[in-house]
Amino acid sequence: MNSAGEQEPSQIQHEPAEAMLSQAVSLSSQPSLPSLPSLGPRDQNVSPSHHQCLATLRGHSSYVSALAVDGDSLYSASSDGRIRVWPLEEASGRQEQQKGDDGCSATVVAAACDSSVKCLLAVGDGLLLSSHQDGKIRAWRAGSRKDGTPRLVLRAVLPTCVDRLRTFLLPWSYVQVRRHRWRTWVHHVDAVTALAVSPDGALLYSASWDRSLKVWRPPGFRCVESIAPAHDDAINALAVSPDGHVYTGSADKKIKAWRRHPERRNKHVLVQTMERHRSVVNALALGVDGKVLYSGACDRSVVVWERAGSGDGRMEATGTLRGHRKAILCLAAAGDVVCSGSADSTVRVWRRGAENTDYTCLAVLEGHCAPVKSLALVYGRDRGSSAAAGGGSALVCSGAMNGEVKIWSVLVPWLLER
């Protein structure tokens, strides 16, 4: 692991940002969905008092591919394989801080590797997981250097040596991944694009452009299941609900729902295939305690899926959130707030209404000069505070393909609470 300081130039050779993105995650835009009703106004004038940009964080030399919040730390990762850590409280302007010449918060390279980072997942207790272009998953433990600056210590690379050894000697463990090429079933053979954990923390899920969904068991991270192929094309997105349903979104335009087998706990079964999008599904997010699923695609729309009344966990499409001019690239949701990032370089912040059938566009966050590829949302920290008159604030962190990270504050009025 490269533990070089911030000033050290990268030794890794990289392609342009657009070339790094597979066609599976497309920047192209397709026509919107006329078959589903719009749940919010297509365009809305938002008062500037409702939102503001608190900070612009510069430090990455290539596009920001993933963001994750762990306590008071914001982690950002890029296509050059570097993971940076920012003090969220300071970066959002809540505390006095010493800033650089460009007005940005101080940052350090917490970790670096020789493969582009595709996803970050903070699982608590100082454990951070990253997935990569090389088909591997890396587990990091938060620590600090002798000078007190934060760092990430590499703890494991998945598949682990134990997994590779136990499958290497078994002929039936090998699967054909390409013509004349075989690998054991515990390996992803293409970029790992998404990670998620089960509600009880007992299982880790990973999805890949190799069309497979794999299941790992912490803390040893043994691979216990591989569903391949889970889709007919690359898998771009993954989400797990509090009741254990696993949702995957793919370039095959489909979203699939999975759940644990009722008798074989290490096995998962397909329970639903959802088809509403007409183009590549790029992002998924769950809100309202897992009762609402949001999906974003190249058709410029966010489809809203609500739990059906059947009691079996099935989802039904109830409408769309429209307003973006180009493809939806990322989503983040918390409670009844959902954010969408787009290739049109904007972020839209939506609020689910009291009747559950309408949405209000709280803000259109404009300021990025490149497509918004990653989002993180922090909402509800000040819910019991009287400091926010008339509402609570949501912190929206957005990463763009020009290497910038912006932190926004958006007012979420209490008046709209259910």
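One is the number of the first residue shown, and numbering goes on along the chain from there.
Glycine too: its Cβ is placed from the backbone N, Cα and C atoms.
Note: TrEMBL annotation is automatic and uncurated.
Pulled from TrEMBL:
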{"type": "COMPBIAS", "residues": "1-13", "note": "compositional bias 'Polar residues'"}
{"type": "COMPBIAS", "residues": "26-41", "note": "compositional bias 'Low complexity'"}
{"type": "REGION", "residues": "1-50", "note": "region 'Disordered'"}
{"type": "REPEAT", "residues": "57-96", "note": "repeat 'WD'"}
{"type": "REPEAT", "residues": "185-216", "note": "repeat 'WD'"}
{"type": "REPEAT", "residues": "228-258", "note": "repeat 'WD'"}
{"type": "REPEAT", "residues": "274-306", "note": "repeat 'WD'"}
{"type": "REPEAT", "residues": "321-350", "note": "repeat 'WD'"}
Is it possible to list how many residues within the repeat 'WD' (185-216) are helical, extended or coil according to DSSP?
0 helix, 15 strand, 17 coil
What counts of helix, strand and coil residues does DSSP assign across the repeat 'WD' (321-350)?
0 helix, 19 strand, 11 coil
Determine how many residues of the repeat 'WD' (274-306) DSSP places in helix, in strand and in coil.
0 helix, 19 strand, 14 coil
With DSSP, how much of the repeat 'WD' (228-258) is helix, how much strand and how much coil, in residues?
0 helix, 15 strand, 16 coil
